[in-house]
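Shown next, in structure tokens, is the structure this report addresses.
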């Protein structure tokens, strides 16, 4: 791809908004990555000025802002609560058995990843075409391959883990991503972090450990639990590598030359090739075809998962643009707690009092991190 070397100058606010969007990693976990933690501090609280207590807020502006926030909140919650529910439904439902899947379980986590990537490419193509008038990604396609591979592996591990651990355990475990992100940042980029952030990471680790051990179901064995946790560990490591590699792309080719939609297109274009190759090499295509013919509901679940994943990504970009990453993080942390409650009720996962304490530790630290970053940003603005 031809690199743009003479970008059009932009205003400071425009550049800041671009940085907000580019700090996102477009993957199915939908979490803002903490690669270096400076990204959230480097952007304003929202896309629009936040009124102070001394400034009167016009009723029309307040209504418009509130309507936008409600749209973002509902869009994110509906998209990703549905996505999480359908994800668990696909991987845990016992469908009609087939010759290739006598247990009745969906035979290929790789196909679930493929279906999501397939639709995401079309969304990215439309977004890039509308925004830039062409399908240029601003960076060579092969530069996206490493993070596309890690992104594909992380998504596959996320689906596969549900065969061994419950969705609540998966959700809380994923919240510990800050630990390997910090380690990956130190190894790849030599980043350093305050001791306070290491302590926060330690508390999250303790909370995840408490929740995971206390949530072990009575009908599972230790070997099964270990397999599930290994899949989750693979998910976290690969997901952290994805964010760090994307950051390298932004730095190498310039954030003004590669926007989030181009990143989405580049990553998903490479990822779709990887997933197709994986399906061909594993021989899963005839197995999946046979299974979907016998179980049309499984096909519907995959379609819904792909749609909600794509709509959720669009909601992410819009929310960050209008309100900033801190508001987005709060909404998504709330979504995680709601998804745990829904999964526990619908799928019968029991959460003990001790497990609740572990989850409370994790989410308390996450909300504290959001508050700390907001305070740091506000102090910088007042300085």
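Quick reminder: no glycine exception, Cβ is built from N, Cα and C everywhere.
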Candidate ranges 175-191, 226-242 [criterion: TrEMBL lists as transmembrane segment]:
226-242
Which bits of the chain, at least 6 residues beyond where the transmembrane segment (69-86) starts or stops, bring a Cβ under 8 A of a Cβ in it?
28, 30, 167, 171, 301, 304-305, 308-309, 311-312, 315-316, 318-319, 322-323, 327-328, 331-332, 334-335, 338-339, 342-343, 346
At least three Cβ pairs under 8 Å linking the transmembrane segment (106-128) and the transmembrane segment (226-242), pairs spaced 6 or more in sequence?
no
Same-chain residues near the transmembrane segment (195-214), Cβ under 8 Å, at least 6 residues beyond its ends:
37, 165, 168-169, 172-173, 175-176, 178-179, 182, 229, 352, 354-355, 357-362, 365-366, 368-369
